[in-house]
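In what follows, a single structure is set out as structure tokens and then discussed.
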Amino acid sequence: LEVARALVGALAVLGAVCAAFAVLAPPPGAPAYAISTFTAAAAMGDEEARRGAIGLAAVVRFGLTTLSSAGLGADVPIGAVQQVAVVVLASLAMPIYAHAVHVVARAMSAAALADHPMRAAGCGLALTAAVGAAFALVEGWRLIDGLYFAVVLLTTVGYGEPDLVPATGAGLLILAAATLLATGVFSFALAVVHRAVIGAEPPLSSLLVGLAGYAAVFAGGLWLLDGVPLGDGLYAAGISVMTVGYGDVVPGSTASRVLVAVAVVPALGLMAAVNAAMSVVAARVIAWAAGKRYGVASISHTELVMGVLVAAGGYVVFGGAVFALMQSGSGGGAFEGAATPHSAPHALAIGCYWASVSLLTLGFGDVVPVSAAARLVTLGYLGCGLGLVEAALEHVRIIVVDSLGLDGGASARQRWQAAYTSVAHRLESHRHPHAAAIRRAITAAKPRAASPSPGNRRRPRSLAELVALWKRPRAGEAKLE
């Protein structure tokens, strides 16, 4: 039943995104005040031709690649109304789709792959081979190109090379199966392998050294095999490991495609750990801004959710302002594909659209940085903000899934217990004096489907209050129960 609920939710949001892309597109010949113009992939045709060529295949392909955050860039929103609708819908729909992918992956592979890294590695390789061979067979690609596209799709990097875009009906069916079924299992298997290799909480210095090594291999390989300048290669390495994949710098030969596919996969685990660390930093900053004396331990869940969502929205506006300043200061040469700003609000709108698409890791490729300064700012902006946006999307997922009952009807007490157990584990890793007692107490408290607690036994509203209760064991135990 839980899998069925999750699949129904995924199909519903897929239909909403596809409808927005199909219905809100400006008709051929109609003037459109677009936030951005599509110029990054000229091989896909000019804007007027693209307006008249939006068919069912393009709509379905756009919906699947957007919700899976691959964002191939073969189909992009081109009107201001369509662009705003796609960004808003994607922000709300991607967490629901990710929940469905997670539920399906857990049902299919959690018991078989958990704590078995070798088995997980074999499963990931088998999935890549199966998806790549299927695409090569139905689309008429070479097998090596199909395998490369499978890696780019399953890792959600999504460069969107014009010669590797599924266009047949069978290809779209494989794309749907890959994004909804294979992507989750692949991510789960990858997480198991990464946890076995680098540990549950590796030090940040080790992660940065690993990412530096990955960037050197990536950039050096593109320089040797394709003649790509080292600066462009380092930029492409950063954009790829963040799974944004604008598609402006891509491997051009078979050898470089193999190198990129092999290099990106192990680096994704390092980047995921860095994003998790940045999300913790963001929570601490939010607690500090809220005036909480004891940091994250003293902030309530509601305050944390509101703080994360507001901070994510503010970060998007900040990115839009930086974009507008750089674009106006360089005479329009910092970013390619951006429509010429007619006013400060228009420039800010372009920047907010670019920031939203980038932070959602869609990377359509319709607005890309071209100058060295713009690329450096882009890497820094995304590196600092992806963890915050991932935390915001996770909170949106929890709110929407709980509201729609897509989680199988878990009680509020079970969710509260799981949340506090997670926080207690984290505090224990930071040598919090009462974390061990909190963890043991919460683990011992069995979730019940009983009647609501009496009014005088309300549950603690913050971890600091729970700590205070556990300093008085008897009273604390009574109130916790």
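The backbone N, Cα and C atoms fix where each Cβ goes, and this holds for glycine too.
Model, not experiment: these values are computed from the prediction.
Marked as domain 'Potassium channel' by TrEMBL: 129-196 (among others).
Marked as domain 'Potassium channel' by TrEMBL: 227-278 (among others). When DSSP labels each residue, the domain 'Potassium channel' (227-278) comes out as 37 helix, 0 strand, 15 coil, counted as helix, strand and coil in that order.
Here the domain 'Potassium channel' (350-398) has, by DSSP, the following mix of helix, strand and coil residues: 37 helix, 2 strand, 10 coil. According to TrEMBL, the feature domain 'Potassium channel' maps to 350-398 (among others).
The transmembrane segment annotation in TrEMBL covers 84-105 (among others).
According to TrEMBL, the feature transmembrane segment maps to 117-138 (among others). Residues of the same chain lying 6 or more positions beyond the ends of the transmembrane segment (117-138) and with a Cβ under 8 Å from any Cβ of it are 109, 145-151, 153-154, 166, 168, 170-171, 174, 178, 182, 185-186, 188-190, 192-193, 195-197.
Marked as transmembrane segment by TrEMBL: 172-193 (among others).
Among the features that TrEMBL reports, transmembrane segment is placed at 205-225 (among others).
If you look up TrEMBL, you'll see 258-283 (among others) marked as transmembrane segment.
Only residues 6 or more beyond the boundaries of the transmembrane segment (304-326), in the same chain, are considered here, and those with a CB under 8 A from a CB of the stretch are 282-283, 285-287, 289-290, 296, 334-335, 341, 344, 347-356, 358-359, 373-374, 377, 381, 385, 388-389, 391-392, 395-396, 399. According to TrEMBL, the feature transmembrane segment maps to 304-326 (among others).
What TrEMBL records for 346-365 (among others) is transmembrane segment.
Non-local neighbours of the transmembrane segment (205-225) in the same chain are 198, 232-234, 236-238, 240-241, 249, 251, 253, 255-256, 259-260, 263-264, 266-267, 270-271, 273-274, 277; each lies 6+ residues outside the stretch with a CB under 8 Å from one of its CB atoms.
Long-range neighbours of the transmembrane segment (84-105) within the same chain, counting only residues 6 or more positions beyond its ends whose Cβ lies under 8 Å from a Cβ of the stretch, are 2-3, 6-7, 9-10, 12-14, 16-17, 20-21, 24, 35, 66-69, 77, 179-181, 183-185, 187-188, 353, 356-357, 360, 362, 393-394, 396-397, 400-401, 406.
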